[in-house]
Amino acid sequence: MRSPRTRGRSGRPLSLLLALLCALRAKVCGASGQFELEILSMQNVNGELQNGNCCGGARNPGDRKCTRDECDTYFKVCLKEYQSRVTAGGPCSFGSGSTPVIGGNTFNLKASRGNDRNRIVLPFSFAWPRSYTLLVEAWDSSNDTVQPDSIIEKASHSGMINPSRQWQTLKQNTGVAHFEYQIRVTCDDYYYGFGCNKFCRPRDDFFGHYACDQNGNKTCMEGWMGPECNRAICRQGCSPKHGSCKLPGDCRCQYGWQGLYCDKCIPHPGCVHGICNEPWQCLCETNWGGQLCDKDLNYCGTHQPCLNGGTCSNTGPDKYQCSCPEGYSGPNCEIAEHACLSDPCHNRGSCKETSLGFECECSPGWTGPTCSTNIDDCSPNNCSHGGTCQDLVNGFKCVCPPQWTGKTCQLDANECEAKPCVNAKSCKNLIASYYCDCLPGWMGQNCDININDCLGQCQNDASCRDLVNGYRCICPPGYAGDHCERDIDECASNPCLNGGHCQNEINRFQCLCPTGFSGNLCQLDIDYCEPNPCQNGAQCYNRASDYFCKCPEDYEGKNCSHLKDHCRTTPCEVIDSCTVAMASNDTPEGVRYISSNVCGPHGKCKSQSGGKFTCDCNKGFTGTYCHENINDCESNPCRNGGTCIDGVNSYKCICSDGWEGAYCETNINDCSQNPCHNGGTCRDLVNDFYCDCKNGWKGKTCHSRDSQCDEATCNNGGTCYDEGDAFKCMCPGGWEGTTCNIARNSSCLPNPCHNGGTCVVNGESFTCVCKEGWEGPICAQNTNDCSPHPCYNSGTCVDGDNWYRCECAPGFAGPDCRININECQSSPCAFGATCVDEINGYRCVCPPGHSGAKCQEVSGRPCITMGSVIPDGAKWDDDCNTCQCLNGRIACSKVWCGPRPCLLHKGHSECPSGQSCIPILDDQCFVHPCTGVGECRSSSLQPVKTKCTSDSYYQDNCANITFTFNKEMMSPGLTTEHICSELRNLNILKNVSAEYSIYIACEPSPSANNEIHVAISAEDIRDDGNPIKEITDKIIDLVSKRDGNSSLIAAVAEVRVQRRPLKNRTDFLVPLLSSVLTVAWICCLVTAFYWCLRKRRKPGSHTHSASEDNTTNNVREQLNQIKNPIEKHGANTVPIKDYENKNSKMSKIRTHNSEVEEDDMDKHQQKARFAKQPAYTLVDREEKPPNGTPTKHPNWTNKQDNRDLESAQSLNRMEYIV
């Protein structure tokens, strides 16, 4: 018994053999290849990242370009299964890789193809599915351990690619950077097919004798056949039934058979005159008999034994009898009674009779009893030097070699007589030979071989033409010289334009263009807007070295590719599920309405009642949020077993082998390459063909006369069997058909793709094309639709299959929880109360006379007007007046509203009862044209006129105001009455008109077409107030501060107020000079007044009448003029005037920048005295200091001492100035 150690050693070779077989089996059944990607060029002219920042830190402060440091560019690649909608998430199921840093902002690597630094190789060991999705990202490498790497640009591509040595070039021409790259899929050695899963390794040994063609099919070597090419092809004609062979051309017979082709049987041993049809038979020939067919049944006919004319008779098997003629005797009549009578001696021999018969004397050269044998004169050989002896009659002849001659070849022949030397100077005869003295360039025995002078002469793969005693090099393109040793400099002519740098290459050159230029010669000014990198309808503007995208309001980013979140930095008000309001300076209302983007990128939102919405989806999409891609493959449009891949409002058919066309409706003509040889006729089949062979030719392509099988007969590893007049293919798993050319689709049965994925067959493997929302090799991974988080206001996101749902916090609603539920929508507050919506609640603001949580408790009496009940405290508008219910009493403002405007083409429908639409007079049109504009008037009623005259003043309860307008800021069609009506509707009149009856009338100025005279009067005047002065001051203050949100007020350029003229006091100096006591009293009075004025702090500015101090009048200081900041200093600008000796008060527009300016204004209000100047002007003035530089004075520039305001007459005549 062997020890365990001994058994272990004996079992080790067996285990190694099993492991080797398993490895071989795995390699044969597997797949192997690689996906290759090469970066060709990169163009990032600004050195920017995708987020707009610079690769090298801050921008250049001069031109704001990223020129301080270039990007350290490298690339990352992710290869995954085919996706109709590319997603960045999910695993790189086919592989991933990256390059080292290969360049800066801009580089071109096309000239250095094959460099491993810019190449990424992703090996795979599965059947290549042909369809794929590729993600390529350009990154900036950061050496800083704190600052991570940043992405520059990324590109994605989905498509199909078959294994090939050819490269496929792709470009990324949108975004911050443009780059170009090429891809290909190659199978490893010994792997073939679209999936690199067909294994074929050439061999010539016991297991097979074959090579591999370009499709991986085994091509048998000459003399071999069979699926593994291990069956030798026997000698042509070798019986396939009774012969065989182990080596090509051999024919070894089976037992019992013989012959060159093993087609003859071996007869029974000893069979003499017999044949056989099967081995060991002895079938006698005619006239033969016996067990061994050795008995002659016709001896006379067979042997003719009787001589000299004797007659033969058969007497039995192998027996006969001769009847001899006269003079002959013997068994065969061979004895002649006269021996020489029959002339027995041949070749002219003489016969002599003897006692025993006869005797022959032969002539020279013959011998034998009857002189029939020729004497061999060549024995022994008489020819020398290898001459050949030919026997003659009574002699011989020597056939000598060329070097010898003579009867017995003993003489040396002169070979030079035959002139054997072709290209020689001379011929010299030698013993048994000769010598040719060759000319230069020739060699050989006869100087007929041209010496090859090309060996090692030509460089750089040039071809050499051999000459006589010389050579000539034919240079490839790009080289020159006798030996093609010199590279032609294609840059010598300076072909690059616009400062491009020429880089010399083999038979070509490359221009490295400066920034902003492109083309082979840098002749093209790069249009960075072609193709347009801007997305979502943005306008592209080309720059010298970059482009600029003017994004729509709803998008942002370098290429306007990102949806702008307006509510991120600006407070938004949710209107409904579809609309969000945000503050904007681009609209007159100051509000812009934007979409909530609830329907995503594939739909438009339509609001419904109750906060609901519907989505109007783009073509190809459906679902609540337009998130579902409509399955265009549902109708099965692909024919003949084609696989349908759904797209967006489209589909694509991946056809089965043998079919093509948009719907896989066209059978590929497999006869187009004329595969049939030797006159065979081709008939097209599905993914196959059939050759109808003629004239004895056989095989799939009529190429053989020996066998129906060859290397191309059965496809995809099928085994071919020759059945005489036809062949039969035994197909491996997954294939069927006459020549194993049809895939069974078994790899997709049952469907391995989950969640509605489409299975695409590739031989024995498959690929899943996933629906949107799913990813992974078998579509089993759900895409996270909640990333990034889409829900607002603390809403919870629930992820679904290509959808999500927001579960909102209390108080919020809508698809993304952006809508604050309006608890005021149900009007919970009592009539007249104001409901204030809050988060998950509301609050009621009660009007006067109401109380309670919902203002349901009433404390005042309601009013009844026009048949309606108005609650206590409620307000409403009545034409240009405002009314309010006060505990059962209606109180309204009392402003005369003037005639109502109307349109002539509408007739009297716009006018009250009893009035008609009368066209306005031409002088009443303030801003032309006023076509079709009228006023509602009654023929019985005369226009209301105020009691103001041209010399009316505040003391008369009247005001005359002149407005100067900038017509460029006013709309055409405005009438004088339109302007007057807007003045009547100013809010500043509401409180005043509640106590007094106010009349405002307007007339165009007869002297200037941009001025309107306004007369304001009041009734019911009491002694304790002057409403006209209050109204005038408020109008001037409103114009000065641009308050009121009115386009009319914004168009006012100047305001002048008529006031009472001042009287000159000629006796002012008399009391001043009378005594020092009077001067002291005036100073005390001025001091007291100044103290009171500071304490009051009224908003107006004050004026006083000019004193009669001639010294003060001599120093005339101009006041600041307030001008409209919108008014341009053009031809229509009203000049600043000094209205001397005129009863007017003028105000120009002054800007107010802040409350601080108002406080400063109050602190620095002063009074000034001017002789003979009752009109005052307040302006914004720029004064020049001594150095000539203009400076802006803050609002009020009058620095006059307040002590000058000591006159009582000045106090009485103080006016407000704005």
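Even glycines carry a Cβ here, placed using N, Cα and C.
Here is what Swiss-Prot says about this protein:
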- C265-C276: disulfide bond (DISULFID)
- C271-C282: disulfide bond (DISULFID)
- C284-C293: disulfide bond (DISULFID)
- C324-C333: disulfide bond (DISULFID)
- C421-C436: disulfide bond (DISULFID)
- C475-C484: disulfide bond (DISULFID)
- C638-C653: disulfide bond (DISULFID)
- C671-C682: disulfide bond (DISULFID)
- C676-C691: disulfide bond (DISULFID)
- C714-C729: disulfide bond (DISULFID)
- C748-C759: disulfide bond (DISULFID)
- C808-C817: disulfide bond (DISULFID)
- 264-294: domain 'EGF-like 2' (DOMAIN)
- 705-741: domain 'EGF-like 13' (DOMAIN)
- 34-1067: topological domain 'Extracellular' (TOPO_DOM)
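For C421 (disulfide bond), the nearest neighbour among the disulfide-bonded residues C276, C284, C653, C671, judged by Cα separation, is C671. Counting Cβ atoms from all protein chains shown, C759 (disulfide bond) has 19 others lying within 10 Å of its own Cβ.
On the backbone, the CA of C691 (disulfide bond) and the CA of C682 (disulfide bond) stand 5 Å apart. The shortest Cα-Cα distance from C808 (disulfide bond) to any of the disulfide-bonded residues (C324, C671, C676) is found for C671. The disulfide-bonded residues considered are C276, C421, C676, C729; of these, C276 has the fewest other C-beta atoms within 10 angstroms of its C-beta. Cβ neighbours of C324 (disulfide bond) (same chain, under 8 Å, six or more residues apart in sequence): C306, N308, G310, G330, C333.
Nearest by CA distance to C282 (disulfide bond), out of the disulfide-bonded residues C671, C729, C759, is C729.
Here the disulfide-bonded residues are C691, C714, and the one ringed by the most other CB atoms within 10 angstroms is C714. When Cα-Cα distances from C284 (disulfide bond) are compared across the disulfide-bonded residues C436, C653, C682, the shortest belongs to C682. Counting every protein chain shown, the number of other Cβ atoms lying within 10 Å of the Cβ of C682 (disulfide bond) is 19. Cα of C714 (disulfide bond) to Cα of C676 (disulfide bond): a span of 15 Å. Rounded to the nearest whole angstrom, the C-alpha distance between C729 (disulfide bond) and C676 (disulfide bond) is 19. Between the alpha carbons (Cα) of C653 (disulfide bond) and C671 (disulfide bond) lies a span of roughly 24 Å. The Cα of C817 (disulfide bond) lies closest to that of C759, out of the disulfide-bonded residues C436, C475, C682, C759. Mapped onto DSSP classes, the domain 'EGF-like 13' (705-741) shows 0 helix, 10 strand, 27 coil. Secondary structure by DSSP for the domain 'EGF-like 2' (264-294): 0 helix, 8 strand, 23 coil. Long-range Cβ proximity for C475 (disulfide bond), meaning a same-chain Cβ under 8 A and a gap of 6 or more residues, is found for C458, N460, A462, G481, C484. C671 (disulfide bond) and C638 (disulfide bond) have their C-alpha atoms 24 Å apart, to the nearest angstrom. C682 (disulfide bond) is 34 Å away from C759 (disulfide bond) when you measure Cα to Cα.
The Cβ neighbour count for C265 (disulfide bond), using a 10 Å radius and every protein chain shown, is 18.
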